[in-house]
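> Attaching a single structure in structure tokens format; questions to follow.
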Amino acid sequence: MQAPPPEHCPGVESEDAGKGSACSGCPNQGVCSDPNKKLEDPGKALVVESMKDVKHKLLILSGKGGVGKSTVTSLLARYLARSNPDSNFGVLDIDICGPSQPRLMGALGESVHQSGYGWSPVGIEDNVCLMSIGFLLGSVDDAIIWRGPKKNGMIRQFLSEVDWGNLDLLLLDTPPGTSDEHLSVVSYLKDDTNSESLRAVMVTTPQEVSLLDVRKEINFCKKQNIPIVGVIENMSSFRCGHCGNTSEIFPAKTGGAPAMCAEMGIPLLGSLPLDQQISKACDSGEDLTEFKNVTTEALEGICSKIMASFS
């Protein structure tokens, strides 16, 4: 068993692994400095064992912050669960420094419990469960100031020490960019015996500043051989609740997600509106999908395409 990494550990993938000043005196120094040994991560075998009953995994990615990845993740999970009552769904919040799912899913103040099989995720509905570092903090205002190795260790624990049980689909809410969290979760799930079930969905807003980073995320998935189910354009338009007119709050100067999808050969799953009801539901944690509205109409088509991609 490897000892916990020191506070300023450069990480096993770094050129300084086992050689940096922080490595002096670390019991893992010999493992990290040996190019053969450092590739052997005992945590990977634990992840494979823990995830053996999780049929499919779906990464919710963007590259850009503020486009609504977490909101879209919660909406997808709840709509999928409501429209597939005989299936089981899980949500894993791997945005370690900015966990949003406890609030979005109406689970603020909940805590996880240890069982003989590991951490028990928090039940949201009969067929939806959630795990987030937000459940492990003393206060919602606590800041998490961690370097890469500690984040990676936390993600490994979420994948190997949470009792997910039998899930038809696990949705993973990710932070912006292609950082430690992304590399860590992909490295573990691609080593899963059912790695073919790992796919990704991109979330973007219509403006080019968002699309620029989504293109990078698409290329990240291509380099990692992760199939992309498609792209969701969030906040695509706004319909006034008084006059009923529709306007573009974020104009698509370069054609928005449809043009990017055509350019890169990626399916467009659909568009979600900028909806005041979504904003209110995010703050209160209530389930918006139990009501018929413009958002749930859009979710119906998006979710059917996602489920079809795994069949």
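Every residue number used here counts from 1 along the chain in the order it is shown.
Each residue, glycine too, has its Cβ placed from N, Cα and C.
The annotation [4Fe-4S] cluster 1 binding site is assigned in Swiss-Prot to C9, C23, C26, C32 on the grounds of sequence analysis. Look at Swiss-Prot and you will find G63, K64, G65, G66, V67, G68, K69, S70 tagged as ATP binding site, backed by sequence analysis. According to Swiss-Prot, the feature [4Fe-4S] cluster 2 binding site maps to C240, C243, an assignment based on sequence analysis. Summarising the annotation, Swiss-Prot assigns region 'Disordered' to 1-21.
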> Which number gives the other C-beta atoms within 10 angstroms of the C-beta of G63 (ATP binding site), all protein chains shown included?
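I get 25 for this one.
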> By a simple count of other Cβ atoms within 10 Å, which of K64, K69, the binding-site residues in the record, is least packed?
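Comparing Cβ neighbours within 10 Å for the binding-site residues K64, K69, K64 has the fewest.
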> Using C-alpha atoms only, work out the spacing between S70 (ATP binding site) and C240 ([4Fe-4S] cluster 2 binding site) and round it to an integer in Å.
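Approximately 24 Å lies between the Cα of S70 (ATP binding site) and that of C240 ([4Fe-4S] cluster 2 binding site).
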> If you compare CA-to-CA distances from V67 (ATP binding site) to each of the binding-site residues C23, C26, C240, C243, which comes out shortest?
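Answer for the nearest of the binding-site residues: C240.
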> Quick check: of the binding-site residues listed here (C23, C26, C240, C243), which one has the Cα closest to that of G66 (ATP binding site)?
C240
> I'm trying to understand the geometry here, so how far is the Cα atom of C243 ([4Fe-4S] cluster 2 binding site) from the Cα atom of G68 (ATP binding site), in Å to the nearest whole number?
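Cα-Cα, rounded: 26 Å.
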> Between C23 ([4Fe-4S] cluster 1 binding site) and K69 (ATP binding site), what is the CA-CA distance rounded to a whole number of Å?
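Rounded to the nearest whole number, the Cα-Cα distance is 36 Å.
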> Near the ATP site, what residues other than G63, K64, G65, G66, V67, G68, K69, S70 in the same chain have a C-beta no further than 8 Å from the centroid of the listed C-beta atoms?
S62, P176, V203, T205, S210
> Would you identify which of the binding-site residues C23, C26, C240 has the most other C-beta atoms lying within 10 angstroms of its C-beta?
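Output for this query is C23.
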